[in-house]
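Q: First the structure, then my questions, so here it is.
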């Protein structure tokens with residue numbers, strides 16, 4: 001029954017997104033249609049088919065484009081300093097929550113630095129890549145908080161990451177085609193929902209941790225040693241081994257990277273990345289929308305589906321398990337695997353479309369699966385490293401960002417992510433509350449919804465007032 005409830009909630013959320021998207025398009029169409037009608041002093045009464053024609057004309061006009069990139073000159077001034085500060089904290093919080101921080105990067109790049117929305121999206125993806133790479137390097141030596149395995153769940157990443165990269169390619173194309181107001185509507189609905197869900201998950205985890213801390217204090221008093229801090233290893237939500245001794249030996253232990261990496265799974269993930277990169281480079285030498293262009297795009301499907309299908313079949317048969325879930329990670333059902341893969345594609349599409357990390361979807365998803373917060377954050381960031389780097393390559397081939405700016409902000413995000421990981425890890429050890437990661441996740445998503453949504457709504461109002469074209473762009477005629 002629980003699984004049926006999850007599926008219905010997912011379908012209901014998708015339906016609400018589509019409904020709100022259609023309503024927003026009708027509202028904007030009506031507003032623009034009325035403005036145009038007043039300017040031309042039209043005296044005719046529009047019929048029902050007339051409104052439909054206005055909607056179609058609003059959403060698509062051949063040869064029209066509402067996009068022009070704005071790249072400010074790079075010079076040291078107040079904007080750079082303020083942008084660096086905001087970017088630093090965005091990368092620190094985003095890397096800890098496993099969401100990348102794109103929801104903070106994009107408004108910073110648009111409002112403070114002065115980039116247009118789509119160029120800001122592209123540079124945001126560069127910053128996410130730098131923060132993710134730094135975080136993964138930090139996590140490669142860490143072990144799972146309660147089980148004898150790496151803190152990164154490679155089987156979970158192998159199931160989701162190929163679908164994530166496929167979604168990224170689709171999302172990048174949508175970023176070119178979709179108007180800014182369409183992105184804003186989708187963003188607000190999605191982020192408010194996921195941040196609320198993550199917050200309540202954090203509250204639930206906090207309550208469980210409080211109960212466990214009280215039990216640990218009672219045991220400490222009974223033993224007469226008063227060392228409550230040692231019980232931290234048992235606090236994170238998720239599966240726990242039978243013996244406390246084994247947990248204490250594994251938690252927060254650092255081992256060499258060579259011993260801690262699952263090389264077979266990593267090799268498959270690198271294969272998917274290289275295959276996608278090769279296809280993207282080859283696509284750059286073809287004419288947009290030509291037969292070769294679409295063939296190269298479609299070749300991404302067998303690569304991603306093939307690797308994911310291999311992992312999904314292994315998980316279904318029980319020959320492989322999502323170890324971070326303990327007993328619940330074995331013998332997964334077909335509908336569960338389909339749901340996880342679909343969420344991977346959705347996360348990639350959102351990441352490519354909005355210039356954000358797929359962790360905005362993957363983080364809350366992994367938590368719902370019962371994965372401990374530390375493992376959820378580490379695994380989501382690991383998957384984002386591959387997907388965000390692929391987005392950077394695609395945006396670079398589309399000439400969507402200035403390289404000097406990108407290199408500078410990548411350096412800022414890389415340093416910030418490393419510091420953020422270290423500080424929060426120390427705080428978790430001292431306080432004994434892994435739920436801090438969940439609250440940081442919810443806070444980052446909510447702030448992203450407010451900042452990105454506010455910017456998007458403001459731009460949408462200005463375009464309506466100026467009678468600007470607000471329909472779909474033509475991918476085949478796009479020129480950066």
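Glycine too: its Cβ is placed from the backbone N, Cα and C atoms.
Annotated transmembrane segment per TrEMBL: 80-113, 119-140, 152-175, 181-200, 266-282, 294-316, 337-366, 378-398, 405-424, 436-462, in sequence order. Per TrEMBL, region 'Disordered' is recorded for 217-238.
Give me the lay of the land around each of these features.
A: Beyond the ends of the transmembrane segment (119-140), by six or more residues, the same chain brings 69-71, 87, 91, 94-95, 100-102, 105-107, 109-110, 113, 150-152, 175, 257, 260-261, 351, 354-357, 378, 381-382, 384-385, 388-389, 391-392, 395, 398, 400-402, 405-406, 409-418, 421-422 to within a C-beta distance below 8 angstroms of the stretch.
Long-range contacts of the transmembrane segment (152-175) within the same chain, counting only residues at least 6 positions beyond its ends with a Cβ under 8 Å from a Cβ of the stretch, are 118, 121, 136, 139-140, 183, 262, 265-266, 268-269, 272-273, 276, 280, 297, 300-301, 303-305, 307-308, 311-312, 315, 320-324, 337, 340-355, 358, 362, 366, 371, 375, 378-379, 382-384, 386-387, 390-391, 394-395, 398, 475.
Using a Cβ-Cβ cut-off under 8 Å and counting only residues 6 or more beyond its ends in the same chain, the transmembrane segment (436-462) has close neighbours at 28, 90, 93-94, 96-99, 101-104, 106-107, 110-111, 117, 180-181, 183-184, 187-188, 191-192, 194-196, 198-199, 201-202, 205-206, 354, 356, 360, 363-364, 367, 373-374, 376-377, 424, 427-428, 468, 470.
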Q: Restricting to the same chain and to residues at least six past its boundaries, which positions have a Cβ under 8 Å from a Cβ of the transmembrane segment (378-398)?
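A: Sequence-distant neighbours of the transmembrane segment (378-398): 95, 98-100, 122, 125-126, 128-129, 132-133, 135-136, 139, 142, 151-153, 156-157, 160-161, 164-165, 168-169, 171-172, 176, 269, 272-273, 276-277, 280-281, 283-284, 324, 348, 351-352, 355, 357-359, 362-363, 366, 371, 406, 478, 480.
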Q: Can you name the far-off residues of the same chain, 6+ from the ends of the transmembrane segment (405-424), with a Cβ under 8 Å from a Cβ of it?
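A: Same-chain contacts beyond the ends: 71, 74, 83-84, 87-96, 101, 105, 109, 113, 122-123, 126-135, 137-139, 392, 436-437, 440.
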